[in-house]
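Novice: Can you keep this structure in mind? I'll have questions shortly.
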Amino acid sequence: MSWIERIKSNITPTRKASIPEGVWTKCDSCGQVLYRAELERNLEVCPKCDHHMRMTARNRLHSLLDEGSLVELGSELEPKDELKFRDSKKYKDRLASAQKETGEKDALVVMKGTLYGMPVVAAAFEFAFMGVSMGSVVGARFVRAVEQAQEDNCPLICFSASGGARMQEALMSLMQMAKTSAALAKMQERGLPYISVLTDPTMGGVSASFAMLGDLNIAEPKALIGFAGPRVIEQTVREKLPPRFQRSEFLIEKGAIDMIVRRPEMRLKLASILAKLMNLPAPNPEAPREGVVVPPVPDQEPEA
């Protein structure tokens with residue numbers, strides 16, 4: 001037996017560790033390998049470079065509202081292929097694929113609940129649903145959110161993210177720009193606050209309508225915000241655009257938005273702003289996440 005064979009005979013093979021899929025992920029910006037559970041606890045913000053990754057609509061709403069207070073609105077509304085549209089694929093097949101992938105019926109999720117005990121209505125876009133395009137159901141759900149805020153006499157918060165209008169619905173999609181803007185005008189007449197939170201990316205018809213109509217327009221760091229994308233603009237004007245063009249830091253320098261807030265600080269910041277606008281006590285940062293719903297008590301005559 002050669003010395004190599006003697007060494008090989010003394011080697012005990014070990015079983016390769018089985019790591020479940022999805023335990024680790026990589027930061028899109030710095031490339032750091034991150035533990036998935038830790039990243040979720042950090043609200044999808046990279047602990048190394050502070051890059052804000054995309055967050056599902058439901059996770060965003062659950063991270064915002066008090067535990068146990070969430071009630072979904074407009075879940076019965078579903079998209080329909082009224083035009084029988086077809087490009088390289090039937091629209092109804094695209095819808096079925098997006099619904100299966102995301103578990104959502106459409107790109108906007110609306111819930112009412114409480115934020116530090118204060119009643120609010122909140123909406124958030126699901127990025128993975130057909131590029132967060134705006135169709136008729138998105139418009140209908142947003143209007144439902146506005147109407148619920150008026151009914152409850154409470155603020156509305158919307159986390160926008162969109163690639164624009166949904167071309168498969170043609171004019172019915174474009175009509176949602178006017179429909180949502182008109183609904184917000186009625187809310188403004190009531191004097192109820194509407195805060196728009198712009199996330200990456202917020203483009204097209206959404207940015208040209210309700211995403212930029214907030215009483216306060218807040219953006220997450222480095223979010224891409226605009227109508228047409230930078231590549232399209234460069235090809236049109238045939239000029240090189242300035243650095244960070246259409247990013248939230250560029251927009252705040254030009255006065256296009258009101259403030260930039262990091263995601264981990266968003267919940268308390270929104271609650272503090274709304275408390276001032278609604279003339280309510282400032283939120284307690286140490287308060288538990290449980291929902292505290294305190295309905296107004298109407299003035300009543302004592303029973304005889």
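Heads up, the Cβ atoms here are built off N, Cα and C, so glycines get one too.
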Novice: For the feature region 'Disordered' as recorded in Swiss-Prot, pick the matching range from 11-31, 284-304.
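Specialist: Spelled out, Swiss-Prot records region 'Disordered' over residues 284-304, not the other listed ranges.
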Novice: For the zinc finger (27-49), jot down how many residues DSSP puts in helix, in strand and in coil.
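Specialist: Output for the zinc finger (27-49) reads 6 helix, 4 strand, 13 coil.
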Novice: Which of CYS27, CYS49 has the fewest nearby Cβ atoms, counting only those within 10 Å, among these binding-site residues?
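Specialist: Output over binding-site residues CYS27, CYS49: least Cβ neighbours within 10 Å is CYS49.
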Novice: Using a 10 Å cut-off, grab the number of neighbouring Cβ atoms around the Cβ of CYS46 (Zn(2+) binding site), all chains included.
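Specialist: Step by step: centre on the Cβ of CYS46 (Zn(2+) binding site), count other Cβ atoms within 10 Å, giving 20.
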Novice: Specify all same-chain residues, apart from the site residues CYS27, CYS30, CYS46, CYS49, whose Cβ lies within 8 angstroms of the center of the Cβ atoms of the Zn(2+) site, ordered by sequence.
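Specialist: Here the nearby residues are ASP28, SER29, GLY31, GLN32, LEU34, PRO47, LYS48, ASP50, HIS51.
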Novice: I'd like the Cβ neighbour count for CYS30 (Zn(2+) binding site), meaning other Cβ atoms within 10 Å of its Cβ, all protein chains included.
Specialist: 12
Novice: State the mean pLDDT for the domain 'CoA carboxyltransferase N-terminal' (23-292).
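Specialist: 94, rounded to a whole number.
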